[in-house]
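According to Swiss-Prot:
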- 164: active site, proton acceptor (ACT_SITE)
- 63, 65, 83, 99, 124: S-adenosyl-L-methionine binding site (BINDING)
């Protein structure tokens with residue numbers, strides 16, 4: 001992609017972003033990001049979170065999802081958030097910065113979890129997007145697979161997994177794998193997800 005095309009694309013994205021009703025509403029409500037509204041819509045439909053739950057938030061920064069979940073699980077619940085990027089603290093959320101593919105970070109994460117299993121894993125992880133589908137989609141699928149792999153190891157029986165995926169090559173196979181391990185699997189496209197984006201959210205409940 002030429003620099004001129006990238007520049008035009010960037011300008012269009014910025015214009016859309018600042019005119020976006022969810023961005024405006026997020027600023028009014030002092031929310032970390034517009035992603036809060038995506039999770040709110042999904043949770044209103046699928047009833048994922050309950051008081052007292054133990055939740056792991058992957059790809060958490062800047063904290064929109066953690067901000068939503070910590071209010072849902074309450075004081076008796078627990079939220080662990082993890083991201084490569086730094087994240088400002090949120091009351092009730094334990095944040096780890098790093099890549100869980102690294103042994104040292106994975107060890108810290110498992111120490112935070114302790115003997116208790118996780119009720120829900122949520123992942124809004126996304127790669128640095130290039131705008132080239134043949135590059136972006138395999139990268140996003142790789143992140144979704146990593147989230148899926150760790151979920152299988154740490155979720156309680158009957159636990160839930162919510163993950164962002166970009167539709168394209170590998171998507172149907174990923175869905176089949178999810179359906180083999182969870183009792184119920186749904187694909188959601190919340191209103192706050194931009195129409196042009198290939199992103200969807202897979203809600204998997206009832207780990208077998």
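In case you wondered, yes, glycine gets a Cβ from its N, Cα and C as well.
It should be emphasised that the depicted structure is a prediction, and the values quoted were computed from it without experimental measurement.
Feature map: Swiss-Prot annotations on the structure.
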| residue | record | DSSP (3 states) |
| --- | --- | --- |
| 63 | S-adenosyl-L-methionine binding site | coil |
| 83 | S-adenosyl-L-methionine binding site | strand |
| 99 | S-adenosyl-L-methionine binding site | coil |
| 124 | S-adenosyl-L-methionine binding site | coil |
| 164 | active site, proton acceptor | strand |
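A C-beta separation below 8 Å, combined with a sequence spacing of at least six in one chain, links the residue listed as 'active site, proton acceptor' to 59, 123, 124, 125, 126, 140, 144, 199, 200, 201.
Around residue 83 (S-adenosyl-L-methionine binding site), taking its Cβ as the centre, 22 other Cβ atoms fall within 10 Å, counting all chains. Within 10 Å of the C-beta atom of residue 65 (S-adenosyl-L-methionine binding site) sit 27 other C-beta atoms, taking all shown protein chains into account. There are 23 other Cβ atoms within 10 Å of the Cβ belonging to residue 63 (S-adenosyl-L-methionine binding site). Its Cβ taken as reference, residue 124 (S-adenosyl-L-methionine binding site) is surrounded by 24 other Cβ atoms within 10 Å in the chains shown. Using a 10 Å radius centred on the Cβ of residue 99 (S-adenosyl-L-methionine binding site) and all shown protein chains, the other Cβ atoms total 12.
The S-adenosyl-L-methionine-binding residues named in the record, 63, 65, 83, 99, 124, extend over a maximum Cα to Cα distance of 18 Å.
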